[in-house]
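To start, the structure under review is shown below, and the notes come after it.
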Amino acid sequence: MKNSTAASSRWTKSRLSHFFPSYTNSSGMGAASTDQSSTQGEELHHRKHCEEDNDGQKPKKSPVSTSTMQIKSRQDEDEDDGRIVIKPVNDEDDTSVIITFNQSISPFIITLTFVASISGFMFGYDTGYISSALISINRDLDNKVLTYGEKELITAATSLGALITSVGAGTAADVFGRRPCLMFSNLMFLIGAILQITAHKFWQMAAGRLIMGFGVGIGSLISPLFISEIAPKMIRGRLTVINSLWLTGGQLIAYGCGAGLNHVKNGWRILVGLSLIPTVLQFSFFCFLPDTPRYYVMKGDLKRAKMVLKRSYVNTEDEIIDQKVEELSSLNQSIPGKNPITKFWNMVKELHTVPSNFRALIIGCGLQAIQQFTGWNSLMYFSGTIFETVGFKNSSAVSIIVSGTNFVFTLIAFFCIDKIGRRYILLIGLPGMTVALVICAIAFHFLGIKFNGADAVVASDGFSSWGIVIIVFIIVYAAFYALGIGTVPWQQSELFPQNVRGVGTSYATATNWAGSLVIASTFLTMLQNITPTGTFSFFAGVACLSTIFCYFCYPELSGLELEEVQTILKDGFNIKASKALAKKRKQQVAEGAAHHKLKFEPTQEIVES
């Protein structure tokens, strides 16, 4: 083992000498001096802080606490190219390999990202079409108008189904694969849609929504996970946001189709039927596309893992690909347990007993809960009902404006999330949402809405200028939501180390769907019992408290490596330390990008051992 490690070190240093003439390893020993040429190809750092010396003795380790965490820049009297070496952040011998692919994103990665993001589109289309369908169903189910309670049950059925499957989706993805799980979610969408299209009874419609919810729960968890595992770290945040873009795009298209089919007989059935198109497309594409390299390594299929990496990074040498696969294999073996069940329970234990993991869980679940209990999904599910209530005849047209705003500001978040930072856009978005919700609550008070019994017929004083105020500030609310809390929670995979990531993201996603279930099944009841003013005041209060939570508990993670995230959370939330570190990392990344003229900002990829 010693000879193998030494040989690996010599090979790594020789490769670095070729690519980076002024390379110095992380312990400050051994600089290679050749010509000053640089490349835009692949970058491989082999960190050897604890490498055995000539006498066979290991040097003393220097664990780095959060307060003393440093980023050590290479020192060279002649030239400083801006690259950095991360010191070890744990008490283990650090023999990890750092691999960065400094090149343009390949068409293969773009293809995988967009195909996986179709799940986000289906998720968004589901939340969008039901709003229009609830308005146009009329007496098509059981030959009677749906009550508020029945509307809530139809809507909440999807959230219940998503909650059930999201709990075990992470483990299923480890056992069966990410791609098969997404294809299974397509089958659930297919069955659920067919049941709804042919429904003439309330129970069949609810059953179809429940089964479709199974697919939504799987897709909402696996799609971001799939993208994060195939994306280069230098643009991982932005590629993950593409899933959110597809989600908001699905909502926008659903509202547009709903507006067009609003007065067509059985138009809501056509609206549901259109959801079959992306379902069939994703299933068909995945018949010809591979799974992620990490999954293939987990199953011991190293040949396929190498194949996917080669197609993803077309200009990368075979030696670097081989080294990457070896590190992924070593990481997989570091997860305790010999079978999936044992590994699952060990991961659950580590998630709750390791302080940094538990803080990550608090943040991940907290953000997903905030996303639901600030009321956005209730607006998406029942926007048609809300806008009819305030006097708008073509409520679907107004819903298009709201969902269009959501899409545009999600697109803005796509460009800002890695540059401005996750924490900053959250602390802009949540206060903005709070103000908008407070104004909506006040406007509802002066509008004077009166509910007429327990059915879906609402008596109001008619349209007034307060209705305009409500619409305007719901649009403002949508903009601030999309910019921050609508996007950041789905970056949850970066919070957790690899050995608990599947379980951690399952917990967080399940929290999202549990919140969605509660809101979807109680929103119309809240409107009746505590009035729209009370309902929107509740959402405003949650948004206000959420701002405080994010201010004190959400560190800045933009630009940080996975090891750095765990160090930040090791003995607290360490907001100041995270902001300082993120700022320094961004400066050094910018300097490195300017020096090497890269198309994308390079970010080192640290594979945890």
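Every residue, even glycine, has its Cβ placed from backbone N, Cα and C.
When you go through Asn102, Asn394 in Swiss-Prot, the residue listed as N-linked glycosylation site is Asn394. Going by Swiss-Prot topology annotations, Pro232 is found on the same membrane side as Lys583.
Same-chain neighbours of the transmembrane segment (534-554): 362-363, 366-367, 370, 373-375, 422-423, 426-427, 430-431, 433-434, 437-438, 440-441, 444, 485, 523, 526-527, 573, 575, counting only residues six or more beyond its ends whose CB sits under 8 Å from a CB of the stretch.
Broken down by DSSP into helix, strand and coil, the topological domain 'Cytoplasmic' (291-359) contains 52 helix, 0 strand, 17 coil. Residue counts for the topological domain 'Cytoplasmic' (231-240) under DSSP, helix first, then strand, then coil, are 8 helix, 0 strand, 2 coil. With DSSP classes pooled into helix, strand and coil, the tally for the topological domain 'Cytoplasmic' (487-506) is 17 helix, 0 strand, 3 coil.
Secondary structure by DSSP for the topological domain 'Cytoplasmic' (174-179): 5 helix, 0 strand, 1 coil. Highlighted: of the candidate stretches 105-125, 153-173, 241-261, 270-290, 397-417, 397-417 has the greatest count of Cβ pairs under 8 Å to the transmembrane segment (466-486). The recorded stretches the transmembrane segment (424-444) and the transmembrane segment (241-261) do not share 3+ CB pairs below 8 A when only pairs 6 or more apart in sequence are counted, and are therefore not in contact.
For the topological domain 'Extracellular' (201-209), the list of distant contacts is 130, 141-142, 146, 150, 153-155, 157-158, 161, 191-195: same-chain residues at least six beyond its ends, Cβ to Cβ under 8 Å. Sequence-distant contacts of the topological domain 'Cytoplasmic' (174-179) (same chain, at least 6 residues past either end, Cβ-Cβ under 8 Å): 222, 225-226, 229, 286, 289-292, 295, 298-299, 340, 343, 502.
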